[in-house]
Amino acid sequence: MTLPYAFEKQVALVAVRRACALTSSVFNRLVKNETLTKGDKSPVTVGDYSAQAVVNTILGRAFPADPIVGEEDAAEMRQESNSELKNRIIALANEALTAPLGPGETSDLGLGPGQERTPEELMDAIDRGGDQGGRTGRRWTLDPIDGTKGFLRGGQYAVCLALIVDGKVVLGLIGCPNLPVKSDEPNGRKGCIFVVVKGQGAEQVTLSGDRSVPLTIPPVVPGTLNFLESVEAAHADLAFNNRISELLNITRAPARMDSQAKYGCLARGDGGVYLRMPTGTGYREKIWDHASGSLLVEECGGIITDSRGKSLDFGLGRSLGENYGFIAAGKDVHGQVLAAVQQALAEIGRK
Ligand SMILES: Nc1ncnc2c1ncn2[C@@H]1O[C@H](COP(=O)(O)O)[C@@H](O)[C@H]1OP(=O)(O)O
Ligand SMILES: [Mg+2]
Ligand SMILES: [Mg+2]
Ligand SMILES: [Mg+2]
């Protein structure tokens, strides 16, 4: 008997692997004018667009009826003034789709030499990501490059793909091309994918697919708790984290890194708690930024809630609606962090 979501997992792994290879190679060749600034002032690169084109092309072939909630859309790229960038995205996407077959890849996935897509097919693939999300049905959610600012500075970033059924995440992948495979070998081999299936546990596999390690969040040794937190002060309230450190007598420095790689690090015990409080600008967190990470934490024996202790709701559309601030940690520490967060919020008259 095959396990539930076995085919979805296989296809998602293929898609994330190819997108990781693409983004790594883009980074090495990226030139300054290949980055645009979106309406919300965040950057987007040819890497984000071409990775979304590749993942959506692969998903569209294997699961033609599945909608996709993807971060990017092709509207800007369809404008005549961006034709040079568009050509670059098409070339990069086709380079990734036509690379020789690798582990777990079969010819029926529409990959390998000779499988180029037309420009129109690739623009349409990007726009397959326009689903609005919702309470019922099955849909994928994709962040083709999470942590674009980390990507641009050569730091951590992640290709994140999750499958959501009736508002619940059932499969999640976080591909981290720049993350060391072993936490105690920071200068060793890099490139891992965190893979999790609901009810089936989580594993870390290498980008090349030659090594798989099962994951569980280890208990925190008393006195060694530390935070995983954003690099970007505009993305999370880092001063709030300092206040929680005081309340919990945390003395270890936080581990700062971009992207959902933080969830992967929490899952393998590289940090005790991922705390992400909003900066008060009204920004609403998106489902593609937390879907894979939330299932990863739960399947590794941890707990993830918002700052009021509520579970995250992935059935409200493209954003996480009223969920406000995130606390992800092992079972042994989540309760004390939540209590400290509530105390700190009360101190500043917030709930
Ligand atoms: N104002 C904001 N507040 C919170 N998160 C944001 C904001 N702007 C962008 N993001 C998203 O925050 C995430 C990165 O967080 P971190 O700094 O912890 O790595 C990314 O998903 C990024 O989107 P993107 O996918 O475009 O990079
Ligand atoms: Mg973005
Ligand atoms: Mg993101
Ligand atoms: Mg992104």
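Positions of Cβ are set from backbone N, Cα and C atoms, glycine also.
Just one of ASP270, ASP289, ASP306 is listed by TrEMBL for the same Mg(2+) site as GLU71, ASP143, ILE145, ASP146, and that one is ASP289. Sequence-distant neighbours of ASP143 (Mg(2+) binding site) (same chain, six or more apart, CB under 8 Å from its CB) are GLY70, GLU71, ALA158, VAL159, CYS160, LEU161, GLN260, LYS286, TRP288, ASP289, listed in sequence order. Mapped onto three states, the DSSP output places ASP289 (Mg(2+) binding site) in helix. Counting every protein chain shown, the number of other Cβ atoms lying within 10 Å of the Cβ of GLU71 (Mg(2+) binding site) is 23. DSSP assigns ASP146 (Mg(2+) binding site) to a strand. With a 10 A radius on its CB, ILE145 (Mg(2+) binding site) counts 30 other CB atoms from all the protein chains. Most Cβ neighbours within 10 Å among the binding-site residues ASP146, ASP289: this distinction goes to ASP146.
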